[in-house]
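The feature ATP binding site is assigned by TrEMBL to GLY219, GLY220, PRO221, GLY222, THR223, GLY224, LYS225, THR226. Positions annotated as domain 'UvrD-like helicase ATP-binding' by TrEMBL: 198-590.
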Amino acid sequence: MRRKSALDNGIADVSPAILHGAAPISHAADVARRSAVAEEQEFLDSVMARRDRLVDHLQAELSSGALEEWERARLRLLRRRYEELLRAQERLVFGRLDGLDGTVRHVGRVGLRTDDEDGGPLLLDWRAPAARPFYTATAVDPQGQARRRHIHTTGPVVDGVDDEPLEAGAATELVGAGALLAALDQRRTGRMSTAVSTLQREQDDVIRADATGPLIVQGGPGTGKTVVALHRVAYLLFTHSAIADQAVLVLGPSPRFLRYIAQVLPALGETAVVSATCDTLLPDIHVGRGESRNLAEIKGRALWQAALESYVTALLPRPRALRLRWEGEFHVIPATAVAQALASVQGRPYHRAREAFAEQLHHLLAEAVVAQREALMHEMEEGFEDILARVDRSVQRDHQPGGPTGSDIDGLLSEEEVEDLRRRIAENATIARFVESWWPTLDTGSLLGDLLTDRARLARFAPQLSTAEIAAVSAEPAPWAPSDIPLLDALADLLGEIEAPPPQGEFVADHARRQRGWVYGHVVIDEAQELSEMQWQMVLRRCPGRSITAVGDIDQAEAAHRHTTWAQAVQAAFGDRWTAAELTICYRTPREVMDLTGPVLRKAGSHNTPPRAVRSCGIAPWVLTVAPAELADTTARLVRQLRQRWHGGTVGVIAPADRIAELRSVLADVPVLTATQSKGLEWDAALLVDPQGIAAAPRGWNGLYVALTRCTQELGQLVLG
Ligand SMILES: Nc1ncnc2c1ncn2[C@@H]1O[C@H](COP(=O)(O)OP(=O)(O)OP(=O)(O)O)[C@@H](O)[C@H]1O
């Protein structure tokens, strides 16, 4: 692959869009910029050529088959690198640091070395420690840097540069303000894009934070929580090979949201990632129905963990003497030996304990069989000796003294014979049937069904529930609801399902995705404020090492749980052993819209302040009153206008749940969502239909706060009059 330089084509120019607020530009400044662009173009050409040579080389290596395991492992690594390089088309180079000591380093999506003898650094990977000043150096703390440059590219062409001197001058809150604001002003495509070239200091702090314990990141709407979460995944996988070996789980609120972010992770160069919602975490189990808030709240409580634990403990067999038949003879294993064996397997999941107990039982039975044989032999031996003694005596009488006697026959089985006996016992179908009838194998789904539909059992194992709550739970229909998933997961864990060996697959994510009990290297949760206590337990089970990053906005919580602070939300999972971080700047929603949100937050009962908007769009949010009968038609007309105004961008409609169907029937090609469904999403223009209706729902003021903050430019509200 050879690429022609954009300069050779004579198309390199400074795009006017990039000369942020630079009017009028002096001739000298213009010349300086053109020469900077030319310089960066030359560099980009060399980096692209280097990347292309590497891609060709890797392609050739990958085409050779590998038979040996070590060779296949090597090829897996090469494939990862190959795919990373293939994806690094856009923004291959996006930054440059000029050190106070005269050094020049370029920062990009991937790291590259020169292909000469010494293979020195050509391009710094954005995740490398040396690239950090690109995101964190300031005039007050320049970290050895004289200047930061943002390089704007479209494919192989350098469009422009933004220079930020770091030596002196006023400290600004933003890093690379020009580049950031240009990125934020772009039309929305409906797909999240990478912000790797414009990450801000407080975001970078979270992305590179220590990963040894739970980190809870609070951030208001549009503060880049999703951006941070995804870049953190890429950073951790790059920096910690142990995390990469175990894969990272990304938990999002909905499939729609996962589709929205889907483009970002591969673009960041990562394949060791599994993304899911709490509802889709269990392989082969599907949510088949919705449920009321009341039930979701009851079944999300942490009490179920202890309830399920005592439920499973009650299913364990009680010690008693066991009578087993082996080769026609009955053998009794005494109650004390059974109790001892049971005690030794205690604390293990039900099926694992059963497996370990069965093994011990095979030993005990083998011992009993051996003991019985020995006793028999002994008896026979005694009888035999008796006969021999009598024969001896008669022989003695007839002949001389001495000669062999029966005392040489000891009747003991050899070790090999005992081992063979144990093996035969372990493989014997009758013994297996006996164990199964005494300690049966259980099915998670049926077991949970048995508990949830039985009031007496519920009262016994979940005594904290009131009679009315028990009645509500037991009246639920059969297919699984979202709140059942964490219960099924907890139960499956307590039972210790015997999982099939991991299927063959090229990447660790393929294995992880198919195994319920997979332990991930790290878990990242977006919209974490929505998780119930039982869902937090589900997270913990997948990462017992607690290497967890949770981002969310407690003020956007709409789920059925009652938590209004992070401390309450994570108390059952982490106690007070977690670290808090905060994001305070809103990048999405313009100032004009954010100004409306303070009172809504107060109504939601929050004492927090909305984040500070980084930009204003110059468009005043508007409100239109409409009669209920005209609501659908007016909405359709307004959406048509918005789509014209935001041609090439995106428009979304948010409405109360009971108006969605009607509105969808008149709005075929724009998303019409509830506030909950719109969580995490954004459009250039958002139309809120019946905001009072949105606020009237349970936790409705939180919902309205979400709804108000989905637009990047224009907000319209249609109120009923
Ligand atoms: N450093 C950045 N550079 C460029 N764009 C950014 C940056 N940080 C955030 N953004 C943009 O701001 C918008 C909001 O970001 P994001 O969706 O991550 O926010 P959020 O905190 O998850 O919002 P919400 O809580 O409302 O879902 C997105 O368009 C994102 O690309």
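The backbone N, Cα and C atoms fix where each Cβ goes, and this holds for glycine too.
Keep in mind that this is a model prediction, so the values were computed, not measured.
Taking a Cβ cut-off of under 6 Å from any atom of ligand 1, the binding-site residues GLY219, GLY220, PRO221 reduce to GLY219, PRO221. Each of the binding-site residues GLY219, THR223, GLY224, LYS225, THR226 was scored by the number of other CB atoms within 10 Å of its CB, and the largest score is that of THR223. Taking a C-beta cut-off of under 8 angstroms and a sequence separation of 6 or more, GLY220 (ATP binding site) has the following same-chain neighbours: ASP553, ASP555, LEU583, THR584, CYS586, ASN608, PRO610, PRO611, THR709. Neighbours of the ATP site: apart from GLY219, GLY220, PRO221, GLY222, THR223, GLY224, LYS225, THR226, residues of the same chain with C-beta atoms within 8 angstroms of the site's C-beta centroid are VAL551, ASP553, LEU583, CYS586, TYR587, ARG588, PRO611. In the three-state DSSP classification, GLY224 (ATP binding site) falls within coil. Counting Cβ atoms from all protein chains shown, GLY222 (ATP binding site) has 28 others lying within 10 Å of its own Cβ. Look at GLY219 (ATP binding site): DSSP puts it in a strand.
Cβ environment of PRO221 (ATP binding site): ASP553, GLN556, CYS586, ARG588, THR589, THR597, PRO610, PRO611, TYR705, VAL706, THR709 lie under 8 Å away, each six or more residues apart in the same chain. In the predicted structure, the domain 'UvrD-like helicase ATP-binding' (198-590) carries a mean pLDDT of 87.
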